[in-house]
Amino acid sequence: MTTDTASRTDELQRRWAGAMMDNYGTPALALSGGKGVTVTDVDGREYLDFFAGIAVSALGHAHPAIVEAVTRQVGQIAHTSNLVLHEPGVRLAERLQALLGRPDARVFFANDGTEANECAVKLSRLHGRAMDPSGNRLRIVSTENSFHGRTLGSLSVTGNAAKREPFEPLPGPVSFVPFGDVQALREAVDGTVSAVFLEPTQGEGGVVPAPAGYLRAARELCDATGVLLVIDEVQSGIGRTGHWFASLAAGVVPDVLTLAKGLGGGLPIGACIAFGDAAGLFGPGSHGSTFGGNPVSCASALAVIDTIESQGLLDNVTTTGAALEGGLRAIDNPLVATVRGSGLWWGVQLTSACAAAVESAARDRGVLVNAVKADVLRLAPPLIVSESQVAEAVRVLAEALDAVSAAQSEADQSQGNGLPA
Ligand SMILES: *Cc1c(COP(=O)(O)O)cnc(C)c1O
């Protein structure tokens, strides 16, 4: 890099800081394009994208099926409002019913994950009120370390105090139990509870899969108590784990299932899907969204589902996911504590809070991964990734880890035995 010309990235970062709220901190990367699993930044550098815009870009970037579907739809009609129906929305809801194998499922389309969960919170309220009209059965049980979104309803069931507390008071009551602990769940679900909210794997929590049998135990508990089981598949759904739905793969059908991230393949859409009695809780006027499930996002989601099916991408997730797991497990570096996940969705638990440094070192070497927590890296490449791209990303990640651990031991030595000065 020359010193007299600031990069396009630098310039955009300055302008960003002068115009945007600081809720994200100024991002290190400014992207201008992408093709497949590769993205290009505004200075022309290319990266292998093992982050996919937070597990969103299921078909990678500029996939011809999405480009074609979105272009056609936007040229036809882009927006109708929800006072008017349109075929892409009906078709997408029917496709979801078919994938779920449940013609009794009913779908509400939102714009993103938090709105899908907001809808689930509202359904929980109606369910609790139907069970106990006195209003003493409105409690939601959620899990510690969970993430369900940033709007107040979804935030109220998010088990991360640092994200929640500045915005209290939040809707409630909500109880949080340790994730994966069946006994704690049993104790928390009493006669004041309307719904249980669970992720099959805690994504933002650091890619932490539920222990085997946990979702089934939750299903049995909810059946026995009449409590709604709400499964948040915003991150796990639509192929990420090698299955259309992680809950169904675990043998569990929720009462309410939420989707978003991968569903639109990069266009904004979320879905709240209810089964059985829960599917009938809303009546005309209960809930709404001006933009939710707009024809363009629905066309994109249909292209995503069609392509996953026609290209056999669930199988690709399983085979390339196994290669990714194997590659990550073979990394020999003292910074790596454990590797966990499934499909194309992996968390690398580090032994110290250096995930941001590893993310940055990998980016400098041309691979995007995500420091999902201070001590956890998340990998979530597009579902179209190839085995050679997996091998390349793992090689670069191992180099980045080596660079960070070398820098750390150098710093430790200069401080003497690694003890704080
Ligand atoms: C990302 C995420 C959300 C929130 O989705 P947004 O689209 O950011 O509102 C909710 N639940 C889970 C499990 C998520 O991963």
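Quick reminder: no glycine exception, Cβ is built from N, Cα and C everywhere.
Curation plays no part in TrEMBL annotations; they are all automatic predictions.
Here is what TrEMBL says about this protein:
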type: BINDING; residues: Gly113, Thr114, Phe147, Asp232, Glu233, Val234, Gln235, Thr290; note: pyridoxal 5'-phosphate binding site
type: BINDING; residues: Arg150, Ser289; note: N(2)-acetyl-L-ornithine binding site
type: MOD_RES; residues: Lys261; note: N6-(pyridoxal phosphate)lysine
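Lys261 (N6-(pyridoxal phosphate)lysine) falls within a helical segment according to DSSP. Under the DSSP three-state reduction, Asp232 (pyridoxal 5'-phosphate binding site) is assigned to strand. By neighbour count, meaning other C-beta atoms within 10 Å, the densest spot among the binding-site residues Thr114, Gln235, Ser289 is Gln235. With respect to ligand 1, the binding-site residues Phe147, Glu233, Ser289, Thr290 contribute Phe147 as residues with a C-beta closer than 6 angstroms to one of its atoms, given in sequence order. For Gly113 (pyridoxal 5'-phosphate binding site), applying a Cβ distance below 8 Å and a minimum sequence separation of six or more within one chain yields His148, Gly149, Ser154, Asp232, Val234, Gln235, Thr258, Ala260, Lys261, Gly270. Counting other Cβ atoms within 10 Å of each Cβ, the recorded positions Arg150, Asp232, Glu233, Lys261 show the lowest value at Arg150. A distance of 16 Å separates the Cα atom of Glu233 (pyridoxal 5'-phosphate binding site) from that of Arg150 (N(2)-acetyl-L-ornithine binding site). Cβ contacts within 10 Å of Val234 (pyridoxal 5'-phosphate binding site), excluding its own Cβ and spanning all protein chains shown: 29. A helical conformation is recorded for Gly113 (pyridoxal 5'-phosphate binding site) in the three-state DSSP classification. A coil conformation is recorded for Phe147 (pyridoxal 5'-phosphate binding site) in the three-state DSSP classification, outside any helix or strand.
Other Cβ atoms within 10 Å of the Cβ of Thr290 (pyridoxal 5'-phosphate binding site) number 10 in total over all chains. Taking the Cβ of Phe147 (pyridoxal 5'-phosphate binding site) as reference, residues of its chain lying under 8 Å away and at least six apart in sequence are, in sequence order, Thr158, Gly159, Asn160, Lys163, Glu199, Gln202, Gly203, Glu204, Gly205.
Taking the C-alpha positions, the distance from Thr114 (pyridoxal 5'-phosphate binding site) to Arg150 (N(2)-acetyl-L-ornithine binding site) comes to 6 Å.
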